[in-house]
Every structure is written in C-alpha cells, then in structure tokens.
Amino acid sequence: MGSKLINVEGGNNQDDNKYNSNNVISINNKVNKNDYFIETNKELKINLNFQNNNIISNIFSNINIYDKISNIFINNKKTYMLKYNNNINEENFFISYFEKKDDNFVPISPWHHIDLKNDDGTYNMIVEITKYNYIKLEIQLREKFNVIKQDKKKGKLRYYHNSIYWNYGALPQTYEYPKHIYQNKSKKNKEALLFTGDNDPLDILDIGSACLKIGQVVPVKILGAFTLIDEGELDWKIIAINKEDKHYEDINSLSDIEKYYPHTLSLLLEWFRSYKMADTKKLNLISKQLYDKKESEDLIMKTHHYYLEFREDVKKLKEEHSKETIKEHDYVNAQNIQFNYDKLNNNDDEPMENNLLEDINITYYKSDSAYKPDLNIWTP
C-alpha cells in the first residue's frame, strides 16, 4: 500500500524544532504560526504506510474518541499542553509537552516535570500507547525534553506484532536504574543469578475499558504489579485503573479486576510473556510473586528514589568533569543476559517457559558503587 497522508481539519505541523528551549507558544496571539489547535483531530496527521493493514482500522477508531478531549489540561493546579508534531507513523513524529507560565506555554519534559503523585492519592500515567494499537511509542530519554517518539529497532520503526489490549505508558519521575542489582535464588539454581533494571521509567498499564489518548496524562489508582524478565533484564509492570473508568470505585485490587473485567489478568500476563516471540523466538519470564497494592506503591516509591539518585549521580559526575560513558550493565557482577535466561530455563523435568508464572524469587542484592550514570540521558 502506498504512502498516504490524512490531515483531519488541518493544523500546523511543520518541523521547526518545536522542542527548542527558546520556543514558547503565546496563548493570546491567535495569528502566531505556532497557534495551537485545542482538539486532537485538528492536529493529528497519519501516514497510512503501515506494515500491517489492521493498524488502520484501530487508528481511525481511536481518532473518534480523541476529538472531544482537550490537549490543554490541569494537573495539581498546573496547566499543561501536549502537541503532536509531524505525521504519526513517520520517523520525525513526536509529542511535545508544555507548561503554562504567565501567558506562555514553555517546553517541559514529561518525565522530569510532570508530578508522580496527585493530592488525592492517585498517580499520573503518561500514555505512550493506546489500547488496541500496534505503534510502539516511547518517552525518549536521550532526546531534548524527553519527547515521545516511535521506538526504533535496527534502524526501522517499531511495531507490536499483535495489538496491545490495554492503555500502556510510564510513571513520571521513576527510573529502573541499572546501578541497582537484584538476584534470583532458587533450589534449581544454587548460585544466584543477577539482574538489573531496564534503564527506563517504570511501566504502567491501565486496564480500564476506554481507549485513552496518545500522550495524555491520566490520574490512575494502583492495583498491583508483576515482575517481567525481558531478554535478561528486570522490567516491572504496574497495573492500574484510570480515574474516569466506570468501575474505578469498584476495583481496588488485582482480585477485583476479575469481577468486572473477567480474564483480564491472565490475558495480560500471557500477552507480556509472549509478545516478543516473533523477534526473539523466546518467551519472557514472569515471576509468580504478584505484587498487591501496597507492595506496588512501595515499588513505585523505590524507583522514584532511584530516579532522584540518578539525578544526583549525574550532577556529581558533571561536576567532576568526567567524560566516562555509561556501562550499560556491569556484567562482571550481573553476568550475562543469555546465561541468565538459559539458567532460568534449565529444568530437566519441564522448561520454565511452559508455565505462565514461574518460580522466580527476585530480591534486592546490592548497589554497584562503580556504576556511572548515562550522561546522554537528557536532564533539565
């Protein structure tokens, strides 16, 4: 299928390096070339040159939901705006964020500047991928202002091979810092296998019924979490429900999910166990130790402290004028990804990957004092 652009009601999407720190958008000057269109369907352009034609129907079904959602929103008494730039499904598409200062909107980072928690006890979820979508969008840690862009792998835009059935995103001001090492001890493996986090903000899923908007900041209630080992890295997933869902008041735990959205949890776990099979030919591993609400909130706060520690480590390293670059993981300590995966699956009776949940007990091991933070990650 050839490339075709659809522009719903126009909108100014020229690539003017819109997340340059000098770029401010006036909310009073209506003739400014950066004048912002409030409704998403007047801003979004779509390139229909998809790898999978099923994506097209999903995109259009989502557009119908977007049209009445304002791109200007208030969170914790602060006014924010998100803006779509260029054409979705192209390399130069990105979502940028702004905060209102006096009469202007100034660029901000969704990772650094959006609050993690709200006054009512909810947490803020930054939506990267909407329900039923294939396009793998992600906060870009190494780009200025950490804009959201489509992820790339081997130089090509990345897509899920199967659409995701939940709204997926990240928690601001959290970080799975590879400086911290975790271990798995079991009867099967007498020696401890060591793992580190995946060097990204903490992932979160909304199990609510609605398709949220790409880039939207949504208050959610935490329900639980699970530990995923994805190609040898720890990758925790927080499970939540958005505040506007019709069952928000009814669902307060993982067990409540089954009452109102039957089979959601088992489908969710199976999806994350198998979604990389088309690429890696291997199943991910999920620990049978599911987190309850309190344990999940403790995990969120731990990764928030990791985020603060990372910011402090970056500051110290810059002050020392060091030019050292990141050690992706200290594999002298953390061993080897392939080795860890093979060891976890070394069972004479039955391969671990035949089970939905595995007997993997992940506990904290230690902090690597020699670890250097990645100075390529953008910080204010």
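Numbers run from 1 along the shown chain.
Every residue gets a Cβ built from N, Cα and C, even glycine.
Taken verbatim from Swiss-Prot:
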- ASP198, ASP203, ASP235: Mg(2+) 1 binding site (BINDING)
- ASP203: Mg(2+) 2 binding site (BINDING)
So, three-state DSSP: helix, strand or coil for ASP198 (Mg(2+) 1 binding site)?
coil
To test your reading of the Mg(2+) 1 site: which residues beyond ASP198, ASP203, ASP235, same chain only, put their Cβ within 8 Å of the Cβ centroid of those residues?
GLU176, GLY197, ASP200, LEU202, LEU228, ASP230, GLU233, LEU234, TRP236, LYS237
Count the Cβ atoms, other than its own, that fall within 10 Å of the Cβ of ASP203 (Mg(2+) 1 binding site), considering every protein chain shown.
22
Look up ASP235 (Mg(2+) 1 binding site) in the DSSP assignment and report helix, strand or coil.
strand
DSSP-derived structure type at ASP203 (Mg(2+) 1 binding site), helix or strand or else coil:
strand
